[in-house]
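Notes for the one structure printed next.
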Amino acid sequence: MTKKTQVGLIFGGNSSEYEVSITSAGNIYKAIDKDKFDVHPIWITNSGYVASEADSYKVLEEPGYMVEKNDKTANLSNLIELASRPELDVLFPIVHGNLGEDGVLQGLFRLIDKPFVGVDVLAAAVTMDKEFTKILAQRAGVPVAKWVSIKRYEYEDAKNQKLSYDWVSGQLGTSNLFVKPSNQGSSVGITHVTDDSNYAEALAEAFKYDDKVLVEEGIVGTEVETAVLGNDHPVVSGVGQIINADNTWYSYENKYSTESTTTLQIPAQIPAETAEKVQENALKIYQITECSGMARVDSMLRESDGEVIFNELNALPGFTNISMYPKLFEEAGISYPDLITRLIRLAEERYAHKKTILHKHD
């Protein structure tokens, strides 16, 4: 009998995307092939407490479950101890947001010498920052929405011209703007701005979540997403379409609320040559940011000329019931359990390759 792979499933975290992580982890736990894998959950509560394995199992079954003891003492050592157990063969982090998908956890996994699912340290750090990702996308020849970057020190300078809606909209050539934290996911902290009335409020909201805020031109058109899977030779899924109700956008509420007015359409109802361009751009961005394992790439099809405009790359896409990433590969013939298996095997392959690289001179 083949020995089953022991998987440490790490989820939760002190993040604005905590609930998304809990839901994603629960779905992975239910869908994983139990004939191939044993799951050892590691739950980080929303206050940063690393729970016991028994409590971690319980919250997967009851997402609203809370631990009675919530002492953060020696928390890092608790996480290291749980994640570095000899019996664990591979780690599967599904911690969204700050400290989870920005390279911090990935660096810890490298230090404790464990294979892990998803992108490595560099790609995690780079793709968490929307501005750096856009700069690299431009370098790869992929069109992006125009933007203005505002650092906190600029925001705190009352005389800075970037605090003027008229100046920024003039720079971007449109009154249709999105104000967003540069390092956040799930549309947290994003505001759609179309005039001066809520620009200051939008900046204040975004700066709650980051020290750098982007003001982007709003692209009028069709929102599409595609999924990428693999290491050195990645494959790209078909294209899915986000259909928003009139006068709405793909906000946090529309992504996760039961009262969402947004629907997902797979495959997207777009011309074949446009879908191919979306996939081609996604692959370019995946490779120039040195992603491995997985990523979801979001784009806009500009209504005026049909050009494919890169929006964002999510290197740790959600695995909720309504998440586009697993649905796109399901449409491509890769089931949810098989997708999880492939992600784990990709982590093992990358780890084995890393072991062949010399880190000191003989």
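Cβ coordinates come from backbone N, Cα and C, glycine included.
Record features, source Swiss-Prot:
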- 134-345: domain 'ATP-grasp' (DOMAIN)
- 170-225: ATP binding site (BINDING)
- ASP298, GLU312: Mg(2+) 1 binding site (BINDING)
- GLU312, ASN314: Mg(2+) 2 binding site (BINDING)
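Summed and averaged per residue, pLDDT over the domain 'ATP-grasp' (134-345) gives 92. The 10 Å shell around the Cβ of GLN184 (ATP binding site) contains 24 further Cβ atoms across the protein chains shown. LYS212 (ATP binding site) has GLU312 as its nearest neighbour among the binding-site residues ASP298, GLU312, ASN314, going by CA to CA distance. When the alpha carbons of GLU312 (Mg(2+) 1 binding site) and GLU205 (ATP binding site) are compared, the span between them is 20 angstrom.
The two recorded residues ASP298 (Mg(2+) 1 binding site) and ASN198 (ATP binding site) have their Cα atoms spaced 26 Å from each other.
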